[in-house]
Amino acid sequence: MSVQMKQRGSGGGASKSRDLLQVTAQRSRQDSPPPPAGQPLPPLSVRAGEDNLRGGGGGRMGSGSSSLKHIPDGQQLMEETGFSAAHLLRLHERFDFLDKDGRGHLRPEDFEEIRELTENPIGGRIIAAFFPPEKERLDFPSFVRILAHFRPIGKNRSRDRAQPEQANSRTGKLKFAFELYDQDRDGKISREELLQVLRAMLGLQVTEEQLRSIAERAVQEADIDGDGAISFDEFKKSLEKVDMEHKMNIRFLK
Amino acid sequence: MAGLGSVCSRRLAGFVSLLLLVFVAVISASPDAATGANETLRRPSGHSLDDSHHPRNSSEHRKAFPVLAFNYEHVSKPFVISLWILLALLMKLGFHIIPRVSHIVPESCLLIFVGLLVGGVIKAMDQTPPVLDTKLFFLYLLPPIILDAGYFLPIRPFTENMGTILVFAVVGTLWNAFFIGGMMFAVCQIEAAQVGHVDLLSCLLFGSIISAVDPVAVLAVFEEIHINELLHILVFGESLLNDAVTVVLYHLFEEFAHEGTVTVGDALLGVVSFFVVSVGGVMVGVIYGVLGAFTSRFTSHSRVIEPLFVFLYSYMAYLSAEVFHLSGIMSLIACGVIMRPYVEANISHKSYTTIKYFLKMWSSVSETLIFIFLGVSTVEGPHNWNWIFVIFTLILCLLSRVLGVVGLTFIINKFRIIKLTKKDQFIVAYGGLRGAIAFSLGFLLTDTEKKDMFLTAIITVIFFTVFVQGMTIRPLVELLAVKKKKESKASINEEIHTQFLDHLLTGIEDICGHYGHHHWKDKLNRFNRTYVKKWLIAGDRSSEPQLISFYNKMEMKEAMMLVESGSAAKLPSLASAASLQNAQQRAPPKQRAIPSISKTREQEIRKILRANLQKTRQRLRSYSRHDLFSDPFEDSMSEIRFRKQRVQMERRMSHYLTVPANRQETPSARKVWFEPEHKVYTYDESESPRDGAALETLPDTVSLLSESPQRPDQSSRLRKRGDAEQSANAPDSQEEPQKLSRCFSDPGPKEEEEEEGEG
């Protein structure tokens, strides 16, 4: 356990065994957790002070300026994902906020501290989706790349128009959702996997029978080639009437 | 030849009935004629009474007992009303006898036309036709239509497009009202028009009356053209929500048309009044909705009156809002929307069907009556035709609508994810129909001189929009290749994935720290689940997740479909009857039920069966009603025989099922499916086992009857045997034939052991 960890304490509560500046910095950050866009960045500057105090992390501690200089590969990220500079900055702030130790990368525990996420039935899966298998670190570019899936499909800022391979195209979104179902990454959603999802979503209110019958029914409905599992194409087909553009969009990421 | 003859005879029948009805309407509409009929009818019977009169002269108290009397006045009012409604409905029927016309011309136009005819005939006989009385319209004719619309409002598209709808409804209507009012005032200044006496406030009043898009007309026309959901909800939602604006503007200008001037203070009060009217209306609706939902929680013992609660609470919501001059339409919509999910969880299936059909029925009647009366009133009403006024009104209406829609869409598109294309905008603009609400509001005006002129103009605009726009919108939709409504089957996949995505989006929003759309929706759902549902839904349904209720509904729907289509499902029972004989004690009665078929015939049947079951497999995959219906086996000669068996089996089944089973323990759905060679299982609704009504519906929903079980334990014994047989074969090889017979999802052979362990 490093000194930093001790000083960090838990994200939610106030901790007394801390440097005063750190305490105030933490508190002010907690007071305004979601840094809305366009606001001047007081938390950031305070955090800057705190970061200096901690002295850890890399050289990309955010400063009060709104330039991309502090985000490594910022320009490249912008082009790749289609986010604007303002968005990237916001995401960066958020990344920093989640990254309480200032390590420069996120770990699953950081995500688990978001309270609402723990209440979310598929919270665990979402967290797992951010981390590639076997890796426990999430750096900023990967963070942004995953969130790019949820960017609304609109006029692209990048040079190339929305190609099917692009993250926020309809296929990209569907692929992301598919991978959330398909935990073992074999390219198919088996009955078992669907059953797990249903169990997570419906919880204890439903008997196993009902879950099974629903899972069975769902697989049966979607399964065209009769292999007993839902492949990506079948998944796409079963959702063709669902308005993906509307459903998988976070507006503020536009 | 026969076809031609039948077509001709149908047309003839149509015309004859038309004439007959006009005649009937004329008779009923004229009270004098009725009393005249009285007299003429009385005369023959008068003879028999004559004798009675004579004795009266002689002795005061001696009067012969009147064998046959005629007393029309006693029943005249309900008689006339019923006759009119009958006329309207017969008209509606009549249109479909002449299919070609009804395809080109929307029903609303035809009805207005009939109204014109009837009105003309009545007028020709110098009688006064009944006019579309405002009170009649607003209190009796309009609520059913609005309730029907509100109760079945598709919530998801409505809330997704709420912003757009509100902008169109509020800002669009305001724009329309002021533009038309202002420009008409300018027009009135033209000397040639001789309408200089119309002042600005009256013009604004006129503008506010004519600017509102009418839900009745929109419904009537858009129902028939089946455009895609987005456009439908946009135009329709707008027509519903602009009621608040209309109410406020109308009252505002009406008040001040007398005063003559409007101060800034009044204008501000008007704005405040708008909020009060709309929010107040919604709140009244919500209160009644919650009351209705709460009441439905306790109706498990008197199922028959459940639909009445829904209707009465909604109607009370409407009336209560009208008492305070709040927006009755918004109140009604809010009541229906709030009440629906909870009421549907509480009431029996039959009540649900009743509600649905009664609402459709009433709204249909209302709509028909409204259009007919509109036609009749047109003929009757005092008219003051002023060319310039009317023409300019028409032009300005169209112009303001187009400008309004285009302008607003330009602004709205900046905030929408799915933009509205030019085609969409055109349809939205073109779909701005005016209707009976405008007419009724105009009728309410008190100033007679301008009233006639206004009414004439209003009627002209209504006629134009309903006839011209109504008739041409269908070919335009085809021409512009506007996306039509996709007939989609309720899919469990979509439901699962939609919920999954909702959770996913909420999670991502939390990660981003953004309290957006999904976050609040999730909070609302949580609140709903933990508090509201516990209060408003009876029994253990209160904790049933939405997915489960959706799934149950789907299963039930399919069960009924299968039962209605009737055939293929029944046959294996026949085949399995023989194999089950040994296993069952109750086999003997079954044998009696099965008529003796020759061996060759039986072979034939089995062959056809197997062939059809293969086809049924694909059909079942698509879960479509039509596929199941077009089962070729139905054509076979044994159909009648099997139907007879079905009836007998159902009778037996209802006997078995009224024995209360120990089903409280397993809320799971026991599956029904059929095996060509093996057995048949009973189906239980997984829905509330507590109400007796559910039991009654079971014979209908059971498509197959298990060959016998007197009690469900026997059925489980049956299953045990089935299991034994099945486990003997490789379970995997069973998967295929089982899949084919899957009417409902079933978990597979393994489940059987578990299930029967519980059962």
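Each residue, glycine too, has its Cβ placed from N, Cα and C.
Quick look at what TrEMBL lists:
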- B:48-59: compositional bias 'Basic and acidic residues' (COMPBIAS)
- B:703-715: compositional bias 'Polar residues' (COMPBIAS)
- B:85-478: domain 'Cation/H+ exchanger transmembrane' (DOMAIN)
- B:574-667: domain 'Sodium/hydrogen exchanger regulatory region' (DOMAIN)
- B:1-29: signal peptide (SIGNAL)
- B:105-125: transmembrane segment (TRANSMEM)
- B:137-153: transmembrane segment (TRANSMEM)
- B:165-187: transmembrane segment (TRANSMEM)
- B:199-221: transmembrane segment (TRANSMEM)
- B:233-253: transmembrane segment (TRANSMEM)
- B:268-291: transmembrane segment (TRANSMEM)
- B:326-343: transmembrane segment (TRANSMEM)
- B:355-375: transmembrane segment (TRANSMEM)
- B:387-413: transmembrane segment (TRANSMEM)
- B:425-445: transmembrane segment (TRANSMEM)
- B:457-477: transmembrane segment (TRANSMEM)
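At the 8 Å Cβ threshold, with sequence separation of at least 6, the transmembrane segment (B:326-343) lacks contact with the transmembrane segment (B:105-125), having fewer than 3 such pairs. The largest share of C-beta pairs under 8 angstroms with the transmembrane segment (B:387-413) comes from B:165-187, of the ranges B:137-153, B:165-187, B:233-253, B:355-375, B:457-477.
Counting C-beta pairs under 8 angstroms (sequence separation of 6 or more), the transmembrane segment (B:165-187) reaches the transmembrane segment (B:199-221) with 3 or more such pairs.
Same-chain neighbours of the transmembrane segment (B:457-477): 104-106, 108-109, 112, 206, 209-210, 217, 220-221, 224-225, 227, 374, 378, 381, 386, 389-390, 393-394, 397, 427, 430-436, 438-439, 442, 484, counting only residues six or more beyond its ends whose CB sits under 8 Å from a CB of the stretch. The stretches the transmembrane segment (B:268-291) and the transmembrane segment (B:233-253) meet in space: the count of Cβ pairs below 8 angstroms, excluding pairs fewer than 6 apart in sequence, reaches at least three. Listed by sequence, the residues of this chain that lie at least six past the ends of the transmembrane segment (B:137-153) yet keep a Cβ under 8 A from its Cβ atoms are 215-216, 219, 236, 240, 310-311, 314-315, 318-319, 322, 328-329, 332-337, 339-340, 355-356, 359-360, 362-363, 365-367, 369-370, 373, 436-437, 440. Mean model confidence of the domain 'Sodium/hydrogen exchanger regulatory region' (B:574-667) amounts to 51 (pLDDT, 0 to 100 scale).
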